[in-house]
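Since the structure comes first, as structure tokens, the remarks are kept for the end.
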């Protein structure tokens, strides 16, 4: 008798191969918490895409929209967005074609930010005054992973200092979290002078960002993965993990839904269409971790 996770019955859930999803979920359940790790994007994956019909800000947007950025800088950043975002999500261009454009976009944006005399002490205030929100169910998600010793690797092309501060202000920044992102580099007098390490953009979230390898080496028994993303570029986030046995890829389809649905369904095992919650992920975690929890299961 196949057991079904009831959260997968949600209207927002799309699956190209439900049978295959069932097999992967079964394997994850047999492995339990001891074998599991979660690898996730942040912006528009753990954070909300929209609330009450209004777009929510990404970690870059939070800074772009803040009062510590000059009007001229904001205008230039907006122009960059209107030029490059359509390229980022264009279904007719290959990732290889998009790559140089993404590097240009991030590099230009970071260069503009470095001209703004941004101070480290301003970050918490900027986040506190923003409209950033984590997805509904975030507390259950973060707390469940922490309580069950499941590592959460957040791989973000956003701004590490900002997203870390969001998680801290939401009071779910637990010790099981490891973040790789674009972290700000401040001068001795506390002003932003650049960004540390290799630039991370939408389409190089893979093992080429070499600082991940030692992290994954420590987790060699964590051979089962739940991967969460909202772009095609997020699909490579687990590429640096050695010895993967089972991986369940869950994609949030937030924007340009009609034109991107087929591509997402071909790429992700589970697609969540315009779903601003973590209900499905939390339901799966319950099913995997709490073997006796039959409330979440429906016999077929």
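From the backbone N, Cα and C atoms, a Cβ is placed for every residue, glycine too.
Per Swiss-Prot, the feature Mg(2+) binding site maps to 41, 43, 230. Summarising the annotation, Swiss-Prot assigns active site, nucleophile to 41 and lists similarity to another entry as the type of evidence. Sequence annotations record features per position, and here Swiss-Prot assigns active site, proton donor to 43 based on similarity to another entry. Residues or ranges marked as CMP binding site by Swiss-Prot on the basis of similarity to another entry: 88. Summarising the annotation, Swiss-Prot assigns N(7)-methyl-GMP binding site to 88 and lists similarity to another entry as the type of evidence. The substrate binding site annotation in Swiss-Prot covers 156, 157, 205. Annotation source Swiss-Prot lists N6-acetyllysine at 256, citing similarity to another entry.
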Recorded positions listed as 205, 256, least Cβ neighbours within 10 Å: 256
Number of other Cβ atoms within 10 Å of the Cβ of residue 157 (substrate binding site) across all protein chains: 25
Helix, strand or coil at residue 88 (CMP binding site) [DSSP, three-state]: helix
Residue 157 (substrate binding site): nearby recorded positions from 41, 43, 230, 256, Cα cut-off 10 Å: 41, 43
Cβ neighbour count (within 10 Å, all chains shown) around the residue listed as 'CMP binding site': 18
Neighbouring recorded positions, C-alpha within 10 angstroms of residue 41 (Mg(2+) binding site) - of 88, 156, 256: 156
Assigned element (helix, strand, coil) containing the residue listed as 'N6-acetyllysine', judged by DSSP: coil
Local Cβ density at residue 156 (substrate binding site) - other Cβ atoms counted within 10 Å: 26
Cβ-centroid neighbourhood (8 Å) of the substrate site, 156, 157, 205 excluded: 41, 42, 43, 155, 158, 180, 181, 200, 201, 202, 233, 234, 237
Assigned element (helix, strand, coil) containing residue 41 (Mg(2+) binding site), judged by DSSP: coil
